[in-house]
Amino acid sequence: MPAITLTTLQSLKQKGEKITMLTCYDATFAHACNEAGVEVLLVGDSLGMVLQGHDSTLPVTTAEMAYHVASVKRGNSDALILADLPFMANATLEQTMTNSALLMQAGAHMVKVEGALWLADSIRLLAERGVPVCAHMGLTPQAVNILGGYKVQGRNENQARQMRADAISLEQAGAAMLLLECVPSELAAEITQAVKIPVIGIGAGSDTDGQVLVLHDMLGLSISGRVPKFVKNFMQGQDSIQSALKAYVSEVKATTFPGIEHGFSA
């Protein structure tokens, strides 16, 4: 596939073609995802759980993120690389700039920040300095201790109204993409229609502009044995990891994944 840029993703949204994203942490899987046609590789702080064995993403450092971004870059030829700013890496505007620079210099094309309206100043600062930003809303794993666990967000009308307003405000602040996690399908559809930038979902129904899953989850690999409702094991019925990756891309593009059973109601 040709090199994927923000312009590519914006064009896919306008054409109504679904965007495919998977987490990726190393060169070998970056190459495999390229071969399968995955358009965005998310170097996520989820590596703290699936690679390092922690029970949350909080222990992950910016240095560790930069290491994995560089690894993915070496195996990547076509996909856009999106990198998480880990826990407290954007606690101040100065830290936001410094840590974003480390990830971009390691090979990221875009950084992702978790939160809500309070992110506006950070997003504006980065966008003005040439750093594209994806705003991660809904269930934000870095805030798991405040949220009281990994729970669906936006189910009551006040939360839903605030999330819609925040999404529009973050777009106006300069966010180039949104990621909605564990949000009622109807609310995710409304937000996707309300903003001009691409919206990627995970546990957010089928009406977002694209989908993302944790690589290990969609390959049926789990330390805990707990499988989130929004996950499908794409290794089932396949004879290789490469076939599973291609099946994921095919099903997202065809809008057969996610199904109703993978989403949440209000």
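Positions of Cβ are set from backbone N, Cα and C atoms, glycine also.
Record check, Swiss-Prot: 3-methyl-2-oxobutanoate site residues include D45, S46, K112, and the candidate from D78, D84, D166 also listed there is D84. Using a 10 Å Cβ-Cβ cutoff, K112 (3-methyl-2-oxobutanoate binding site) registers 24 neighbours.
The binding residues for 3-methyl-2-oxobutanoate are recorded as D45, S46, D84, K112; their greatest pairwise CA distance is 12 Å. The recorded positions near S46 (3-methyl-2-oxobutanoate binding site), taking a 10 angstroms Cα-Cα threshold over the set D84, E114, E181, are D84. Of all the binding-site residues in the record (D45, D84, K112, E114), the one with the smallest CA separation from E181 (active site, proton acceptor) is E114. When the alpha carbons of D45 (Mg(2+) binding site) and K112 (3-methyl-2-oxobutanoate binding site) are compared, the span between them is 10 angstrom. Here D84 (Mg(2+) binding site) comes close to L42, V43, G44, D45, S46, V60, M65, V111, K112, E114: these same-chain residues lie at least six apart in sequence, with C-beta atoms under 8 angstroms from its C-beta.
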